[in-house]
Amino acid sequence: MGKNVVVLGTQWGDEGKGKIVDLLTEHATAVVRYQGGHNAGHTLVIDGEKTVLHLIPSGVLREGVQCLIGNGVVVAPDALLREIIKLEEKGIPVRERLRISPSCPLILSYHVALDQAREKARGEFKIGTTGRGIGPAYEDKVARRGLRIGDLFHRERFAAKLGELLDYHNFVLVNYYKEPAIDFQKTLDECMEYADMLKPLMLDVTAALHEMRRDGKDIMFEGAQGSLLDIDHGTYPYVTSSNTTAGGIATGSGFGPMYLDYILGITKAYTTRVGSGPFPTELFDDVGAFLAKRGHEFGATTGRARRCGWFDAVILRRAIEINSISGLCLTKLDVLDGLETINICIGYENEEGAVIDAPTDADSYLGLRPVYEEMPGWSESTLGAKTLEELPAAARAYIKRVEELVGAPIDIISTGPDRNETIVLRHPFG
């Protein structure tokens, strides 16, 4: 019987999911993306060579692994085709192994224009989106007016829907945001070109997944962003527009929760966040700068510098409950090498002095102060360690304390960017 494993982020994204998915796909028949879009940036380093993926599942670098994009993913055809071509230039036969649900909503030029116009209009109160049209595309989907990939293959139907959508969105762009209108004919011609290239990649992904399940194949589900960016469970409104938590798998791929065997939560050994929104343990001192520099904390998608802070056990406990996490993978442990002391946030203190748990929205974080537990750091290098015994005693104590505070086992420890720089204590497919 096959095993079905989920890999998802438990913080605000950028936890190192891509490397771990790539590592574990050695055992998988297929890797599935089920939410998000090309706002994701998954960085893989194999034998020193760096590859950044945005839409295509991280299993693409493993020979023979099928890569599936489920109906919950919003697809920008131009971005997808650029990514395919870039990988093909490296000799990877992407089109042989990539298949996409025709039910995926499309991201088109007017979504990007709306996204960027809104952020510009918000000024200092901007959400901090990637400006790639993700939110507006999900809005069209929920409003039941969006175009889907399957519409591309019916020109007359597509043109009629596109005309209605442009009438609606151009009115907002021109009259409210004072931005130029999107041209109908140019958009239609571009989309028809995309149709010819995308048609061979279409597949009923839900049916394919259940066929694999019945055949006893191992399947991996690859999450994008992080649990605290979930549209329902994140620090609203500073969130993404999809369900980044485990519940998104059922809706975004048609694969029910009863069939999931193991959910691996990825967490950094410290905390980072890109863009706006609450971040109780954020550091503005030399330690924050140290983490940013040592951790190369710049977004793979936007290039924006990430905000850095101490490990937050409070938000991780919340993510573990929401996702029913089976085990954790602790990444970037090596970034903490050289720190004399390390703090772990164990609670938040409000203005009355009471220690509380994680709030449910962004405004409720105002006035909260992190309560820290201090632990000794270590001077020895953990970079590239492959067994627990190779780690300094203080690093092992830090790992054990994190497990105790969050109530979940750490099954994998990442000690460097390469897929081989990993300690596996319990294998999700084992």
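Residue positions begin at 1 at the first shown residue.
Backbone N, Cα and C define each Cβ position, glycine as well.
Feature list (source: Swiss-Prot):
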| type | residues | note |
| --- | --- | --- |
| BINDING | 13-19, 41-43, ARG306, 332-334, 414-416 | GTP binding site |
| ACT_SITE | ASP14 | active site, proton acceptor |
| BINDING | ASP14, GLU15, GLY16, LYS17, ASN39, ALA40, GLY41, HIS42, THR130, ARG144, GLN225, THR240, ARG304 | IMP binding site |
| BINDING | ASP14, GLY41 | Mg(2+) binding site |
| ACT_SITE | HIS42 | active site, proton donor |
| BINDING | ALA300, THR301, THR302, GLY303, ARG304, ALA305, ARG306 | substrate binding site |
THR130 (IMP binding site) and LEU333 (GTP binding site), distance between Cα atoms, whole Å: 27
Separation of alpha carbons, GLY16 (GTP binding site) and HIS42 (active site, proton donor) (Å): 7
Between THR130 (IMP binding site) and GLY303 (substrate binding site): CA-CA distance (Å): 10
Close recorded positions near ARG306 (substrate binding site), where close means Cα within 10 Å, chosen from ASP14, GLY16, GLN225: ASP14
The residue listed as 'active site, proton acceptor' and ARG304 (IMP binding site), Cα-Cα, nearest whole angstrom: 12
Site with most surrounding Cβ atoms, counting all protein chains shown within 10 Å, from the binding-site residues GLY13, GLY16, GLY303: GLY13
Fewest other C-beta atoms within 10 angstroms, as judged across ASN39, THR43, THR130, GLN225, THR415, which are the binding-site residues: THR43
Residue among the recorded positions HIS42, ARG304 whose Cβ has the most other Cβ atoms within 10 Å: HIS42
Length of the line joining the Cα atoms of THR43 (GTP binding site) and the residue listed as 'active site, proton acceptor', in Å: 9
From binding-site residues ASN39, GLY41, THR130, GLN225, ALA305, the one whose Cα lies nearest LYS19 (GTP binding site): GLY41
